[in-house]
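S.K.: Sharing the record's features from Swiss-Prot:
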DISULFID  Cys75-Cys90  disulfide bond
DISULFID  Cys82-Cys95  disulfide bond
REGION    61-83  region 'Disordered'
SIGNAL    1-21  signal peptide
Amino acid sequence: MNTVRVTFLLVFVLAVSLGQADKDENRMEMQEKTEQGNSYLDFAENLLLQKLEELEAKLLEEDSEESRNSRQKRCIGEGVPCDENDPRCCSGLVCLKPTLHGIWYKSYYRYKK
């Protein structure tokens, strides 16, 4: 019975002492992997940043193209007061004096041609 206890104690001591060495090795290995992982994270972060910058540039180009061609879309429509001397009327609309008298007898309004 004593030999079993001594054997068990010896195996236990060996396992603990070897396990400690493995812990130190594991800790060092984990530090190395973490440092490598940080470099991978930096690489991935830079790659993502480049993609986002490209996407932003494309969106800004689309916005500028839209603003060049959007004058007709933002044109004030029919039945809106206008200035008779202002030539910037939308295509298909003319600035005319209303035919009916009322509260707007001195104003000019936009009508279809």
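In case you wondered, yes, glycine gets a Cβ from its N, Cα and C as well.
Describe the structural context of these features.
M.R.: When other Cβ atoms within 10 Å of the Cβ of Cys90 (disulfide bond) are tallied across all protein chains shown, the result is 16.
Cys95 (disulfide bond) carries a strand DSSP state (E or B).
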